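These come from TrEMBL:
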| type | residues | note |
| --- | --- | --- |
| DOMAIN | 45-219 | domain 'Phosphoadenosine phosphosulphate reductase' |
| BINDING | Cys130, Cys131, Cys213, Cys216 | [4Fe-4S] cluster binding site |
| ACT_SITE | Cys241 | active site, nucleophile |
| REGION | 244-265 | region 'Disordered' |
Amino acid sequence: MTSHDVIERIAYGEDAEILAAELNARLASLDLPGRLSAAAELGHAVFTTSLGIEDQVITAAIGTHRLPVEVSTLETGRLFKETVELISETEDRYDIAIRRFRPEQDDIDAYAEKYGLNGFYDSIEARHACCHVRKLIPLAKALAGAQVWVTGLRRGQSGNRASTPFAEYDAERDLIKVNPLADWDIETINAHVTSQDIPINPLHARGYPSIGCEPCTRAIKPGEPERAGRWWWEGDEKRECGLHVPENASQPIPASAPLASSIAR
Ligand code: SF4
């Protein structure tokens, strides 16, 4: 099957779910480079990295095996300096270019005027609106024109991600989402990083297994779930930033969100 065939099939919405199910079954028996190669065969593939340890494993595979997968990151403007520094370090290490997608200043200004720059602490609505401006709009730009979206989601990251498939059709974004590390556990990730000498964020060693924006991430305590340090002040155990849940489903963005630009797709 050629990429052109696949793109045509994706154009018919009813086929895309079947295509994703076929890919999901196929990926189970492949290793990581094989899974990424199979994903890239479907068309233009974009991997969005947060520079977390799982994402570094994927970036290393793309760079080492020179796989035709574009690597992009969302520079929210609120990242830890360690994360920002790791972007350049990773580019140098694997001789790749990581595309940066940033929020629009007009959107940030409009958000700050309505909620305050750090208004995300005050309500879930305000937090979702901030993630919308700083992550979801840049994500839409990063994925524009892609047929395949590669992510570092793992089943073991949280209960919310426990049923993560290798591949699924993302109807909202009209593309196939591929999660090549879905069945890797954290011990396997750590061993792989050590054996391959993959550069990782130094914050992991300081109690941050999951790293997002600086004001919204804290170190976890022994025994806490991996993602307990993300938006820790919110009671909802299924909290996410909206990248991996439908925008109109469990975490709605308020219609009044102060956006100066719209989602590209
Ligand atoms: S994680 Fe926090 S700072 Fe980052 S976009 Fe979401 S609410 Fe804003």
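Cβ coordinates are placed from backbone N, Cα and C, and glycine is handled just like the others.
Working note on the binding-site residues Cys130, Cys131, Cys213, Cys216: by count of other C-beta atoms within 10 Å of each C-beta, Cys130 ranks first. DSSP gives Cys216 ([4Fe-4S] cluster binding site) a helix state.
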